[in-house]
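K.L.:
Before we start, here is the structure in question, set down as structure tokens.
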């Protein structure tokens, strides 16, 4: 049990704490230096059309919290049934929920206002930095791609899976920019945060080295 706790403390809890600290520091740095990002937000808002409003509404919804929670639960159950073990399920849940915890721990402390343009979506009671929609999209869709490409053969199929897995967060990121919900640095840090959580969870759970003792092995 002690080895179990030490392992996950060093491979999940500590990295999450480091990511939270770096995210907070990056957010405060962004606030301290003028970035000129409001000009981009105004330019996007000025060129809005009904077509792009509809397309970005769909793009943003790909990472709405209820959808991500439901999709993660469904995927975790499906992985358990298909692979007959918990490793892939636990990995995906850890990737998605770790980014959420880091986001919630830092966004209020950073306290960045949202872009000074009309918002096409309701603004949640969190600050603009980082983008939780984007970090969640990376964690879920890239996490899914990582699991699937681990189990499928054929380079073309693996590439197709990664194209879809990578396109979803980019679509979410552009949609959030277009709809006036985030600045560019919010989206960029959301991408980094989500990727960091996927890598952390993959190293700790999905691809960790087998030990002589199976005490740490998810059943």
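Every residue, even glycine, has its Cβ placed from backbone N, Cα and C.
The domain 'Phosphatidic acid phosphatase type 2/haloperoxidase' feature in TrEMBL is assigned to 89-202. Residues annotated as transmembrane segment in TrEMBL: 7-26, 65-83, 90-111, 131-149, 156-175, 187-206.
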K.L.:
For the transmembrane segment (131-149), I need the partner stretch with the highest count of C-beta pairs below 8 angstroms, choosing only from 65-83, 156-175, 187-206.
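P.N.:
Answer, by Cβ pair count: 187-206.
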K.L.:
Report, as numbers and ranges, every residue of the chain located at least six residues beyond the transmembrane segment (90-111) whose Cβ falls under 8 Å of a Cβ in that stretch; write 'none' if there are none.
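P.N.:
Residues 12, 16, 19-20, 23-24, 27-28, 31, 68, 72, 75-76, 79, 126-127, 129-130, 132, 135-136, 138-140, 143-144, 147, 193-194, 197-198, 200-202, 204-206, 218 contact the transmembrane segment (90-111) from elsewhere in the chain.
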K.L.:
Which residues, given as numbers and ranges, are at least 6 beyond the ends of the transmembrane segment (65-83) yet have a Cβ under 8 Å from it?
P.N.:
89-90, 92-93, 96, 136-137, 140, 144, 147, 151
